[in-house]
Amino acid sequence: MTIAVGKFTKDEKDLFDSMDDWLRRDRFVFVGWSGLLLFPCAYFALGGWFTGTTFVTSWYTHGLASSYLEGCNFLTAAVSTPANSLAHSLLLLWGPEAQGDFTRWCQLGGLWAFVALHGAFALIGFMLRQFELARSVQLRPYNAIAFSGPIAVFVSVFLIYPLGQSGWFFAPSFGVAAIFRFILFFQGFHNWTLNPFHMMGVAGVLGAALLCAIHGATVENTLFEDGDGANTFRAFNPTQAEETYSMVTANRFWSQIFGVAFSNKRWLHFFMLFVPVTGLWMSALGVVGLALNLRAYDFVSQEIRAAEDPEFETFYTKNILLNEGIRAWMAAQDQPHENLIFPEEVLPRGNAL
């Protein structure tokens, strides 16, 4: 028996090889196989958003004006979610709702579903792009792993949360003021700021900002003066073999400041990766919990005492009253299809009123 050892080579290129050569060619903007997903989806998502914010009203779904054409500006324009009556329909242009009528499709909120789904696939394509490029230049894939944090947040907020509710209607609309309204909704209906997963998310994002500021300042403070100018832009070149800054000096400085400091760059930079990504993952998990209507912390003893004693209030009980006010005022305005009417005497008032 003969065993052939060596690399198998094909005599001629097939279609796959030709596509692989073209897609992964070294050019100014790398395309790659991931680009087949990223570029079309990003193009359609952005195009749908610009189209919706420019021309499409939300009168039929939310009773609102939401386009530049109706007088909105960049902060108030939005691509709004479909009507609550449409539940979780994919709202395909050729589906039973729009029946191929583009104008009707826009009026029903079809652009939101279009932007949300293409946006999610575009983000996934961007993560795959980082995997593909890292493999091509023989890097570790930590950039792609880090980008899973924003993807988890986007998918949980825009897709999983409304899937757990009665319809896409309860997802955020794509606009600045619309996102602010959604945040108020989250606070009023889910007490989101007292949710431990939100707390971990805030700690991760703000902690990452602090770490970035400290790290950047420390590197700038400990640059080696081995060029014609001791600053980032003049003294060093991207192909130098020497270190740019002194880790030893930085370690000594922070050891004196805090009593402890990072002793090597690997642990330091892994920590800078770990803090924000874990925070984003935790907040995404929290939103998945909200999709199932899981509750935040409840301090029932304080609520009972506040109900019995008009002079007893804590910041917690005041916030609970605020949440009740958000629900009472927001539900009627935010869900006009429900025809909710709250008499003045049932609207919540603080103990001081």
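Cβ atoms are placed via backbone N, Cα and C, with glycine included.
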Swiss-Prot annotation (transmembrane segment) - matching range among 20-40, 41-61, 104-124: 41-61
Candidates 41-61, 153-166, 208-228, 279-295; stretch with most C-beta pairs under 8 Å toward the transmembrane segment (125-141): 41-61
Among the ranges 41-61, 208-228, 279-295, the one whose Cβ pairs under 8 Å to the transmembrane segment (153-166) are most numerous: 279-295
Neighbour count (Cβ, 10 Å) for H215 (plastoquinone binding site): 16
Rounded to the nearest Å - Cα separation of Q130 (pheophytin a binding site) and H215 (plastoquinone binding site): 24
Intrachain neighbours beyond the transmembrane segment (279-295), with Cβ under 8 angstroms and 6 or more residues off its ends: 148-150, 152-153, 155-157, 160-165, 186, 190-192, 195-198, 200-205, 207-208
Most crowded position, judged by CB atoms within 10 A, among Q130, N143 as binding-site residues: Q130
Around the Cβ of H118 (chlorophyll a ChlzD2 binding site), the count of other Cβ atoms that are within 10 Å: 20
